[in-house]
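Database features, via Swiss-Prot:
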BINDING   GLY376, ARG377, SER378, GLY379, SER380, GLY381, LYS382, SER383  ATP binding site
DOMAIN    27-310  domain 'ABC transmembrane type-1'
DOMAIN    342-578  domain 'ABC transporter'
TRANSMEM  15-35  transmembrane segment
TRANSMEM  68-88  transmembrane segment
TRANSMEM  140-160  transmembrane segment
TRANSMEM  161-181  transmembrane segment
TRANSMEM  254-274  transmembrane segment
Amino acid sequence: MQDKDLSTVQTFKRLWPIISPFKLGLVVSGIALVINALADAGLISLLKPLLDEGFGKADVSFLRTMSYVVVLVIFLRGISNFISSYCLSWVSGKVVMIMRRRIFKHLMFMPVPFFDQNSSGRLLSRITYDSELVANSSSGALITIVREGAYIISLLAVMLYTSWQLSIVLFLIGPIIAVLIRFVSKRFRELSKNMQNSMGELTSTAEQMLKGHKVVLSFGGQIVEEERFNHVSNDMRRKGMKMAVADAISNPVVQIIASFALAAVLYLATVPTIMDQNLTAGSFTVVFSSMLAMMRPLKSLTNVNAQFQKGMAACQTLFALLDLETEKDLGTHKGENVQGYLSFKNVTFTYQSRDEPALRNLSFDVEKGKTVALVGRSGSGKSTIANLVTRFYDVDQGEITLDGINIQDYRLSSLRKNCAVVSQQVHLFNDTIANNIAYAAKDKYSREEIIKAAKDAYAMEFIEKLEHGLDTVIGENGVNLSGGQRQRLAIARALLRNSPVLILDEATSALDTESERSIQLALEKLQKERTVIVIAHRLSTIENADEILVIEHGEIKERGSHSELLALNGAYKQLHHIQVNH
């Protein structure tokens with residue numbers, strides 16, 4: 001997943017349509033920030049009358065009046081600060097929400113090979129960290145630019161009005177600072193991209209340990225995982241230091257340049273021609289205080305570049321992800337009243353990460369209501385066949401047809417609606433049992449239909465023992481259930497769909513012997529109405545299949561019924577002999 005090298009302007013132009021619906025909030029916030037800056041500058045400008053009139057002439061009445069003015073200005077400053085903070089938080093929250101929704105939706109439609117090549121930790125970082133970084137960095141930069149920019153302009157106006165002779169020197173440092181900021185812009189963006197990548201790696205490493213903590217404990221892998229995490233976190237630290245160094249160098253340079261301006265003001269104040277211009281103690285205090293006050297916004301404006309570049313770098317990463325092509329769905333066939341005639345014709349397929357084909361010139365047919373079992377050693381290509389039927393992957397050569405129509409001509413939603421899959425890797429959601437069985441279609445099925453599917457999968461045996469029955473929340477990925485119970489819910493989910501094609505990818509592998517026997521009885525009833533592909537490790541579960549295909553290195557080595565294959569005295573009999581004797 002490569003990031004496009006776009007300029008900051010191009011990136012912001014693309015981000016603007018997401019922000020623009022909330023521009024009223026930005027305008028209100030901008031006005032409030034300007035008022036806030038004017039209030040700050042106003043407080044400094046009050047120093048001249050306070051010193052010259054109030055204290056210099058000991059005017060008690062004037063001092064009393066100024067006390068009310070100071071309270072009013074500070075009150076105005078507080079109100080404007082609240083309004084600007086609230087409006088910007090509202091806009092930022094909206095932008096983060098939209099970005100996260102777009103990324104989440106886009107990821108749901110990405111093809112399976114994309115997830116093979118990108119870790120879930122890295123993708124989670126895109127949804128959480130990068131989306132937040134775009135909004136926070138952009139809003140933070142806006143606050144700095146508008147508020148500090150308005151503050152500097154206000155201070156300049158106060159200085160010029162008070163004593164333009166002392167103030168004129170300040171204009172000399174502006175172009176120098178602008179050149180410096182432009183010089184470091186590109187570097188900040190590059191470093192920020194590296195930080196985002198490191199964050200993705202850090203998240204991925206931590207996620208692997210958390211998901212596989214039982215394996216870590218079982219094999220004593222704590223030291224290995226600690227070293228792996230330490231390496232990734234140290235890499236992130238070093239990249240963070242590079243950003244800190246770039247930031248630390250730019251700030252002192254700006255401040256040194258500004259210090260020369262301050263020194264010049266002090267020196268010019270001693271020049272008689274300037275002192276003759278009615279320069280009072282109040283005037284000098286206002287000019288000098290304004291220049292001191294200007295150091296903070298100048299520093300902030302220097303930092304805003306780094307802050308803004310972080311957001312733009314994150315934005316480029318997210319747009320690069322959004323630009324990736326989603327799953328191809330060019331088919332138009334609706335697939336209504338599918339009978340279930342499935343055919344593989346000279347199918348060859350190779351995974352992107354491998355050189356050797358997973359399937360080679362594979363051909364076989366499955367008639368309606370028939371069961372074909374696929375057996376073979378791990379890595380022979382059995383599960384690949386199941387993935388091709390549902391178009392999780394597309395064939396390189398040949399074709400797969402359903403009812404005589406190429407599956408690529410079907411709409412993806414229609415094809416998958418007609419193919420129910422139960423794999424050895426069961427995934428359940430943190431929801432009720434009923435909603436997991438009727439996943440993505442809970443309004444389509446009645447309570448009675450859900451119960452029937454659960455009974456047919458022999459899941460009601462344990463569901464009825466739970467305190468809340470079908471309404472029991474099972475935790476993330478069914479953490480509160482046993483492996484066999486989770487597998488039965490997955491089978492119930494597939495049965496409820498009542499699809500004409502049923503794919504069982506070692507679906508009974510996690511069941512105990514008694515449960516497996518019950519499931520086999522249920523599946524035998526269903527096989528008369530469905531086209532079934534069974535991928536099995538235990539040969540005892542597929543002895544009654546209409547045809548058994550022995551897959552080896554992506555090719556069909558043997559085919560026939562259970563008895564026919566035993567009579568061949570070949571690979572199937574060897575597998576059978578090994579399992580019987582164990």
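Placement of Cβ uses the backbone N, Cα and C atoms for every residue, glycine included.
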* Neighbour count (Cβ, 10 Å) for SER380 (ATP binding site) -> 20
* Which whole-number mean pLDDT does the model give the domain 'ABC transporter' (342-578)? -> 87
* Let me know the most crowded of the binding-site residues, choosing from GLY376, GLY379, GLY381 and counting other Cβ atoms within 10 Å. => GLY376
* Asked: Where among the binding-site residues SER378, SER383 do you find the Cβ with the fewest other Cβ atoms within 10 Å?
  -> SER378
* Asked: Hey, which bits of the same chain come close to the transmembrane segment (15-35), Cβ under 8 Å, at least six residues off its ends?
  -> 76-77, 80-81, 83-84, 87-88, 90-91, 94-95, 98-99, 134, 138, 142-143, 146-147, 150, 315
* **The one of ARG377, LYS382 whose CB sees the fewest other CB atoms within 10 Å, among these binding-site residues** => ARG377
* **Other residues, Cβ within 8 Å of GLY376, ARG377, SER378, GLY379, SER380, GLY381, LYS382, SER383 Cβ centroid (ATP site)** => ILE551
